[in-house]
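See structure below.
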């Protein structure tokens with residue numbers, strides 16, 4: 001019984017949050033890795049693209065809520081998601097046309113594009129703050145829990161409860177759907193194949209008649225959809241605050257690099273590696289160990305390796321270790 | 001127009017903008033812009049050294065600036081009575097043990113043959129070292145943080161004059177830069193960017209959470225001033241000679257004393273800026289500077305000529321970061337307090353980048369000019385935006401939600417403006433206002 005309780009506590013405090021967070025990171029990292037694969041630069045504006053998409057979703061959700069439109073137990077934000085994706089797509093396509101295309105035609109060095117993306121980051125950040133302000137915004141509604149801790153206890157008779165928030169369940173489902181769609185697109189459709197060809201070898205792809213501008217455009221559309229989805233899911237799970245999205249840049253980049261920049265499969269693996277390490281290292285293990293260990297060995301301290309404020313340090317250290325021992329990432333990525 | 005004349009005109013223009021602030025707003029805010037402009041100029045010289053000379057992409061400026069601020073607390077604040085004997089030495093011992101663990105792991109990684117035994121011994125050393133570190137560290141930290149937590153609760157500093165803290169800030173930043181450079185340089189340029197972004201966040205996280213070090217988010221107040229040059233307002237107002245001089249200038253003693261204190265800082269900062277600018281100019285013209293630019297323009301060719309690219313990169317990375325650390329120490333001295341939560345990457349990392357790029361990367365004078373101009377805009381865009389918003393919304397009825405929202409959001413115009421300036425300069429004048437020669 002004790003061991004079962006330990007497992008439930010582990011699932012409740014570590015596995016479930018880490019899986020949800022990992023899915024959000026994976027979606028974000030997929031966007032970064034796609035940009036890197038096709039456009040060949042690290043997009044510093046990615047966090048703020050997520051924030052922009054999520055902001056539109058928040059605004060549309062408020063509108064729908066005011067109009068009394070909802071989908072029962074599910075959050076209204078899901079209804080708003082298509083609009084948000086559309087808005088974000090428009091924004092990134094305009095950005096690409098006005099800003100990035102000029103440098104692409106000049107064949108500017110990747111680092112120049114990174115600096116340009118810094119400028120875009122400022123503008124998007126300013127735009128988001130301008131429209132919705134820098135404060136926390138709540139937009140989740142519907143049922144809060146899929147299973148609440150009390151129901152779980154009543155169901156199983158265990159002394160530990162397992163709570164699964166609706167937002168966590170939705171995150172995982174949405175992430176699976178998005179990833180499945182993305183891989184189907186990349187592997188089965190003609191356009192997807194042309195994207196992979198372009199990413200593998202630009203010159204060869206151009207020779208075989210692939211239109212680079214079309215590839216770039218489709219990449220931006222996919223990236224905007226992924227970023228918005230990731231942003232909305234993160235906002236539903238925690239809350240929407242523009243600055244937090246900027247800070248997500250570090251774990252997202254860590255995920256993409258750990259997995260191997262330019263490799264979509266790696267981005268997903270990297271997202272979960274970073275999320276699980278962050279959660280396990282900053283979790284206080286006392287509860288789980290008290291159940292699992294024999295009574296004489298029960299820990300007296302919290303058994304927390306690092307305080308939660310150091311979660312950035314965790315993703316950073318993993319990033320450094322991977323860079324030192326396997327510079328192209330766990331799954332073979334590119335190196336420009 | 002000759003180049004020198006154009007550059008003089010540009011500097012005169014920015015100086016004129018600051019003077020205009022003095023005439024139209026207040027001299028206090030004008031000198032404040034000047035002081036922060038001087039500090040920003042030093043940061044810009046540091047970043048320009050790394051990016052303009054060597055092409056290193058450092059987006060961790062905020063971390064090095066914050067380390068400079070930390071140095072001020074560690075050097076110039078009074079030592080907390082009893083903290084060292086209670087737990088200070090224990091903390092130092094724990095940190096040494098932690099460092100020894102890392103060194104041991106690195107040695108094992110280098111010396112032992114590759115294989116499973118090596119992997120397991122590295123992991124073993126790290127885990128054992130971590131638990132020993134925590135076992136020594138935690139109780140000592142608890143003791144130190146319990147000492148008079150309302151005003152102290154940290155180890156305190158060495159109680160030295162605050163001017164010593166400026167080079168100390170540079171040294172602290174240089175040490176951190178050496179560590180990060182040793183691991184991340186030699187990898188690709190974007191990796192260095194991500195690594196520095198990460199280290200900056202970690203430095204801030206440490207400063208926010210390790211209360212024994214600099215009181216964390218409880219902040220450290222009352223950092224002493226560089227007294228002989230700057231002085232305190234109260235003392236000046238009591239000094240009859242000063243009051244007489246203020247009257248002669250037609251100022252009331254209170255305003256005169258605040259101006260005098262701020263101008264004292266300006267003089268100090270100007271001296272530091274001129275020294276660093278002179279050194280950077282000398283470095284740029286020297287064979288060393290030419291070698292750096294050769295490496296920047298073509299690493300492969302420079303390596304073929306027998307230059308040790310990674311070592312040179314490490315050298316200039318450490319130097320540039322040290323300059324940012326000095327600037328950070330100066331800024332904390334100017335503020336008179338250390339507020340870890342005030343360090344924001346957009347303000348302390350990316351804004352400095354805008355300064356360097358707008359001013360002209362690769363040219364020290366360009367970086368200095370960019371720093372003054374961008375800092376002026378950073379301060380002034382907000383009131384300008386507000387004024388513009390009031391103009392735009394003047395047609396809307398009073399009390400309408402849109403009008404209120406627009407006027408309220410004018411405060412966020414500055415980020416947008418900075419991004420716009422950066423993109424416009426990059427597009428139409430990528431070499432900046434004063435291009436590299």
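Using the three backbone atoms N, Cα and C, a Cβ is placed for every residue, glycine included.
Long-range contacts of the transmembrane segment (A:6-39) within its own chain (CB-CB distance under 8 A, at least 6 residues past either end) are made by residues 46-47, 49-50, 100, 104, 113, 149, 152, 156, 158, 160-165, 167-168, 171-172, 174-176, 178-179, 182, 195, 198-199, 215-216, 219, 222-223, 226-227, 229-230, 233-234, 237, 248, 251-253, 255-256, 259, 261-264, 266-268, 270-272, 274-276, 278-280, 283, 287-289, 291-292, 333-334. The feature transmembrane segment is assigned by TrEMBL to A:6-39 (among others).
Using a Cβ-Cβ cut-off under 8 Å and counting only residues 6 or more beyond its ends in the same chain, the transmembrane segment (A:51-71) has close neighbours at 77-81, 83-85, 87-88, 91, 124-125, 127-128, 131-132, 137, 139, 141-142, 224, 227-229, 231-232, 234-235, 240, 242, 245-246. According to TrEMBL, the transmembrane segment annotation covers A:51-71 (among others).
Same-chain residues lying 6 or more positions outside the transmembrane segment (A:77-99) and placing a CB less than 8 Å from one of its CB atoms are 45, 49, 52-54, 56-58, 60-61, 64, 69-71, 116, 119-120, 124, 139-140, 170, 216-217, 220-221, 223-225, 227-229, 232, 235-236. Annotated transmembrane segment per TrEMBL: A:77-99 (among others), in sequence order.
Taken from TrEMBL, the feature transmembrane segment applies to A:111-132 (among others).
Counting only same-chain residues 6+ beyond the ends of the transmembrane segment (A:168-186), those with a CB under 8 A from a CB of the stretch are 16-17, 19-20, 23-24, 26-27, 30, 74-75, 78, 146, 192-193, 195-196, 222, 225-226, 229, 233, 236-237, 264, 268. As annotated by TrEMBL, transmembrane segment applies to A:168-186 (among others).
Beyond the transmembrane segment (A:215-236), the same-chain residues lying 6 or more positions past its ends with a Cβ under 8 Å from any Cβ of the stretch are 23-25, 27-28, 30-31, 34-35, 38-39, 46, 49-54, 56-58, 75, 77, 80-81, 84-85, 88-89, 91-93, 96, 104, 139-140, 167, 170-171, 174-175, 178, 182, 185, 191, 194-195, 198, 205, 245, 248. Taken from TrEMBL, the feature transmembrane segment applies to A:215-236 (among others).
What TrEMBL lists as transmembrane segment is A:305-325 (among others). Counting residues 6+ beyond its ends, the transmembrane segment (A:305-325) has Cβ neighbours under 8 Å at 247, 250-251, 253-255, 257-258, 273-274, 277-278, 281-282 in the same chain.
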